[in-house]
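One structure is given below, encoded as structure tokens.
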Amino acid sequence: MSDMRLIVAGAGGRMGRALTRAIAESKGAVLAGALEAPGSEMLGKDAGVLAGLPANGIKLSADLWAMSKEADGILDFTVPAATIANVAIAAERGIVHVIGTTGLSGSDNAVIKSVTNRAVVVQSGNMSLGVNLLAAVVKRVAKALDQSFDIEIVETHHRMKIDAPSGTALMLGQAAAAGRGISLDEHADRGRDGITGARKPGNIGFASLRGGTAAGDHSVSFLGPFERLTLSHQAEDRMLFAHGALKAALWAHGKKPGHYSMADVLGLADI
């Protein structure tokens, strides 16, 4: 099989540059296009140079329709509005869409799922093996411990991150809620301030820290009456997520239309 031809969305950003480097280092994939927002000062610049690599002749462009004509997939870690715009084009072109964008609303996710009867989408709040293993463990622990154990999720990210809680924190919250057999939407405490009253039994709490250059730290604590258990993961470099996204794209190439997750990619769906 020939190399998979991939487009990097948000190619001028930090994650986009990491994705470009991951593709350059890979076996089995080549860069086919570099997408950037209309009006960006990055348009026209060489994607390789922006990523700290030799020039590769791929210029940043805002025209996804044109560049996707000869592509097999798109790696998308952008913002919700951009991702939703990309969904329709990727589905129309019949290319794999790997989505790592966070901050998506319920209606955004509904749009994404609406194309998966005819398109291949891999979507995850986190593309790393460690975090996906953590989510599997969190689900099991939440199921094993009763409601006398309160669940709290704490995440730390760099000062430039624009959404909170992080997609990974919400992913871990969904795992905990699934273990408890409850709806996260109905049992999430996303912020506490002032006189909040006693903690509501069964809820899942979130706290978000922002500062420095942290690539992503997450912990899930189960706090019981006589003991507490904390499970955690620390990301050392965002290349971790770039390599995970590339793995997802290569795995999805040739798959039947559907809505897949990193748990599917990593063989963790049944854990």
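Each residue, glycine too, has its Cβ placed from N, Cα and C.
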Gly10, Ala11, Gly12, Gly13, Arg14, Met15, Gly100, Thr101, Thr102, Ser124, Gly125, Asn126, Met127 bind NAD(+) in Swiss-Prot, but which of Glu25, Glu36, Glu92 does that record place at the same site? Glu36
Report the same-chain neighbours of Asn126 (NAD(+) binding site): residues 6+ apart in sequence with Cβ closer than 8 Å to its Cβ, ordered by sequence. Gly100, Asn132, Gly167, Thr168, Met171, Gly216, Phe241, Gly244, Met262
Distance in Å spanning the most remote Cα pair of Gly10, Ala11, Gly12, Gly13, Arg14, Met15, Glu36, Gly100, Thr101, Thr102, Ser124, Gly125, Asn126, Met127, given for NAD(+): 22
Spatial neighbour of Thr101 (NAD(+) binding site) that is closest, considering only the recorded positions His157, His158, Lys161 and their CA atoms: Lys161
Using Glu36 (NAD(+) binding site) as the reference point, find which of the recorded positions His157, His158, Lys161 has the shortest Cα-to-Cα distance to it. Lys161
Most Cβ neighbours inside 10 Å, all chains, among the recorded positions Arg14, His157: His157
I want to verify one value. Collapsing DSSP to three states, which class is His157 (active site, proton donor/acceptor)? strand
